[in-house]
Amino acid sequence: MFGQKEDPGQAQQPFLGPSMTPTRGPVRRTVVTRVYEAVRAIALCHNVTPVFEDDEDVNFDDTEADRQSRQTVVYQAASPDEVALVKWTESVDLTLVKRDLNSMQLRTPSGSIVKFQILQVFPFTSETKRMGIIVKEEDTGEITFLMKGADVVMTTIVQYNDWLEEECGNLAREGLRTLVVAKKVLTEEQYQEFEIRYHQAKMSTQDRNAKVQAVIESLERDMELLCLTGVEDKLQEGVRPTLELLRNAGIKVWMLTGDKLETAICIAKSSKLVSRLQDIHTFGTVIGRTDAHLELNALRRKQDAALVITGNSLQVCLKYYEHEFVELACQCPSVVVCRCSPTQKADIVKLLRNHTGKRTCAIGDGGNDVSMIQAANAGIGIVGKEGKQASLAADFSITQFSYIGRLLLVHGRNSYKRSAALSQFVIHRGLIISTMQAVFCAVFYFASVALFPGFLMVGFSTVYTMYPVFSLVLDKDVKAEIAMTYPELYKELTKGRSLSFKTFFMWVLISVYQGGIIIYGALWLFEDDFVHVVSITFTSLILTELLMVSLTIRTWHYLMLLAEIFSLCIYIASLAVLTYFDSHFLKSWDFIWKVLVITSVSCIPLYILKFIRKKFSPPVYAKLT
């Protein structure tokens, strides 16, 4: 959309170079000139650098023209929007040929090269929401100040017009990201005066940034509006089903974006974050406490409505009604915050963490999402066209948004379940031997006598039980296909039942029961020799630990079975090697039946309880498996 609307009854005028003269009156000439100036401004006002790559092997006998004909150009820039705009100017035959720190060259439709000298560059920031460049055409000596930025800031900079706001809304409703382009022609004297003041501001030692910005803003007055651009931010494949998957899994999704309100609503609908028939409550412009109170009351009356709010309105609501707003927003099925700065994104994540106590996961693909990713409990960075800043700052890096579903529902589920089982089993392994030592000391009048020698304690913690316990990291309760097909299974994990005070005290009770059974059974069954007590209790302890691992496993893996057999073989081999045990007693039937009785009493009741619980109170996934 260019800076002047055309009459609906007239045909679209094709692009004309500056050397071409239109054949119809002065009005058509003005339109052509405006179109050319707009396209040239888009081709100049950016930070894009063209890089030429050879398609074939380099032949040093070829001329430069022959080499360029075989080269393909690749545009490099921090923002993919700028690359898209420069590629569009190339499609209308105004091509960026060369760019360095001090100059820029464009190739016109006629094939001639127009050279520009770059005098100043004012980069885009999240605070100013605009970027500018001052160029000087070498042939004519004309100095031009070009600027592009968000419509909210450019509206006050450009000259009065009656169409900018309306067309911004039209493009935003189509899901396009808009930029307003303007220019200002400077005389040599005006630029020299600006350069002196700009240099003095940069050399200042106090309030340097404020002074530099004030000097730049002195140029940003009464600029000529050239055109309005719209760039489509295409969604990756699988975004819609992934968001639906997360909603079915009980995960609340908030979209934090810097786009316009209309653009944000369009993207939310196209991504199915907000369904077409769902009611949308849009927060109006909130200036003070009264406006915030009225808007919150209106939101409270809405049922099952998606919330859309701008960053400025959100800031006012949080200033006066922080707790009430967070409580109402969390009840909404989805929330869209538009015109949101990077700092606000991080503040929103921290706010949700502090007020709800829930775990937060921030997902982003650009440099403006880094602060939000680092503020969340888990940060996921997507490697995309906007660079790798987000993926480098995140806890997890992926290449497509659709991978988030498997990352959370499959790998997240397995990680939580396995970590819970492993941590509680490590507690059980240490507590059971502590219980046996405590009971042994209590029986013998609290004498400080060790039940097992040091090498057996080290062996119990390492080679005898290490492999089966750590093989629990291979366990899984449901298959990956079932977890992805039934995302509702993920809701159970949010209750935290796999690792809680209840499960902790259950494992403590199991450890105390088994430790007491083993030591009391051995003391009751042993005859005369103290060594027999050690051999019986330690063997029963090893067998109990191996059986408890098999009791905990939900899905067997061949490495789990191998770890169990390997650990048992290591213990049997050590019995034959170690001279601490009585080899004749170990080969006797007396030793075997006592160990079997003690191990059975300590483990069989737990197997019976597990069977009864699975029969009368099966887990949620039992029917699916």
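Backbone N, Cα and C define each Cβ position, glycine as well.
What TrEMBL records for GLU82, PHE124, LYS148, ARG177, THR257, GLY258, ASP259, ARG339, LYS345, ASN368, ASP369 is ATP binding site. Contacts of LYS345 (ATP binding site) defined by a Cβ separation under 8 A and a same-chain sequence distance of 6+ are given as LEU256, ALA362, ASN368, ASP369, SER371, MET372, in order along the sequence.
What TrEMBL records for ASP365, ASP369 is Mg(2+) binding site.
Residues or ranges marked as domain 'P-type ATPase C-terminal' in TrEMBL: 392-618.
If you look up TrEMBL, you'll see 1-26 marked as region 'Disordered'.
What TrEMBL records for 426-446 (among others) is transmembrane segment.
When Cβ-Cβ distances below 8 Å are used as the criterion, the transmembrane segment (452-474) is approached by residues 418, 421-422, 425-426, 429, 433, 437, 534, 537-538, 541-542, 545-546, 549, 552-553, 557, 559-560, 563-564, 566-567, 570-571, 574, 580 of the same chain, each at least six residues removed from its ends. According to TrEMBL, the transmembrane segment annotation covers 452-474 (among others).
Look at TrEMBL and you will find 504-524 (among others) tagged as transmembrane segment. Long-range neighbours of the transmembrane segment (504-524) within the same chain, counting only residues 6 or more positions beyond its ends whose Cβ lies under 8 Å from a Cβ of the stretch, are 424-425, 427-428, 431-436, 439-440, 443, 451, 533, 536-537, 540-541, 544, 548, 594, 597-598, 601-603, 606.
According to TrEMBL, the transmembrane segment annotation covers 530-551 (among others).
Positions annotated as transmembrane segment by TrEMBL: 558-579 (among others).
What TrEMBL lists as transmembrane segment is 591-609 (among others).
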Any chance you could find the range in 426-446, 558-579, 591-609 with the most Cβ pairs under 8 Å to the transmembrane segment (530-551)?
591-609
Closest of the binding-site residues to ASP365 (Mg(2+) binding site), Cα to Cα, picking from GLU82, LYS148, THR257, ASP259?
THR257
Across the domain 'P-type ATPase C-terminal' (392-618), what does the mean pLDDT come to, as a whole number?
88
Across all the protein chains here, work out how many other Cβ atoms are within 10 Å of the Cβ of THR257 (ATP binding site).
21
Count the Cβ atoms, other than its own, that fall within 10 Å of the Cβ of ASP365 (Mg(2+) binding site), considering every protein chain shown.
22
Short question: which residues 6 or more past the ends of the transmembrane segment (558-579) have a Cβ under 8 Å from it?
459, 463-468, 470-472, 474-475, 539, 542, 546, 549-550, 586
As a test of the contact definition, list every same-chain residue at least 6 positions from ASP259 (ATP binding site) whose Cβ is closer than 8 Å to its Cβ.
ALA172, ARG177, ASP233, ILE267, CYS338, ARG339
Give residue numbers and ranges for long-range contacts of the transmembrane segment (591-609): same chain, 6 or more residues beyond its ends, CB-CB under 8 A.
510, 513-514, 517-518, 521-522, 525-526, 532, 535-537, 539-540, 543-544, 547-548, 551, 585
Which one of these binding-site residues, GLU82, ASP369, has the sparsest Cβ neighbourhood, judged by other Cβ atoms within 10 angstroms?
GLU82
